[in-house]
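> Would you mind keeping the following structure in view while I ask a few things?
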Ligand SMILES: O=P(O)(O)OC[C@H]1O[C@@H](O)[C@H](O)[C@@H](O)[C@@H]1O
């Protein structure tokens, strides 16, 4: 074989397809799971469009889910991220929503999976820009709508709920459209159960000077968070904050763990049932599981959002992993 001085270089191999996120359904079509090629994953139950699980590339779970949570559509899921709409808690004095069950009907309706969008077309993007978005829908005409909703809330509405997984964050966003002529009032909240290792070493910052409604202290509910020092949890805590800042940070053992950023959601509820309350919640297990959870719930619940016919309310949270 003649050795040529200017022999052509070996052709680089044919460009392979960029890595893609996978989206799969459970056999019974009750759940959809998305996984990035780098290993991060999110699992959503169509019942409630409830995010059940969010794992990082190492497989570490970021959300708390009760061992006794019902996942068969018989009741709202205890854990993960239930969607609260159109009422937070109950509102006996609010004529439009007074007949609705606690936290409304979005978390007890079966949503439709509308589709996925991924970053697969974004050739050349860095691995940390990989993303997959799952869209879910629920409307007043949907077959999966909780029958109590149709009976108690006679408005024409359309909800789109999107769950977006990135390598280091999870975003959930909602668009609530009024498809009818009559205006409706609503409240929206994402009831996120964050998983922690030991609640006694958890600190929450980003609430300085925030007014809050203390649901545990019925006699004296209107308070303000001090200007300095983090919030720590050492007893039943159930507070509706109206923070000045648009993000709260959760640290554990002195290390930043989660940043929860709100977009057009002016409140954040901080909830931990602690010992006695956890005992009384039938689907809360194990009973000392309150030590491994902290609810940080971005929402628009301090006031009613009035949505005119043809208009929409939009809000989102992004939870970023800091550790
Ligand atoms: O038991 P549920 O309906 O899921 O509600 C759990 C908690 O949800 C929180 O958002 C409320 O502030 C608490 O008051 C409530 O106890």
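Even glycines carry a Cβ here, placed using N, Cα and C.
Annotations in TrEMBL come from automatic prediction, not curation.
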> Pick from 196-215, 216-235, 236-255: which range has region 'Disordered' per TrEMBL?
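In TrEMBL, residues 216-235 carry the label region 'Disordered'.
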> Compare the Cα of residue 191 (active site) against each of the recorded positions 78, 102, 107, 297 and report the nearest.
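It is 297, whose Cα lies nearest.
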> Using the CB centroid of 78, 102, 107 as the substrate site centre, which other residues of the same chain sit with their CB within 8 A?
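Neighbours within 8 Å of the Cβ centroid, excluding 78, 102, 107: 75, 76, 77, 82, 84, 103, 108, 191.
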> So if I draw a 10 Å sphere around the Cβ of residue 297 (active site), how many other Cβ atoms end up inside it?
25
> Could you state the CA-to-CA distance between residue 107 (substrate binding site) and residue 297 (active site) to the nearest Å?
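Roughly 14 Å, rounded to the nearest whole number.
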> Measure from the CA atom of residue 102 (substrate binding site) to the CA atom of residue 297 (active site) and give the result in Å, rounded to a whole number.
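Here the two Cα atoms are 15 Å apart.
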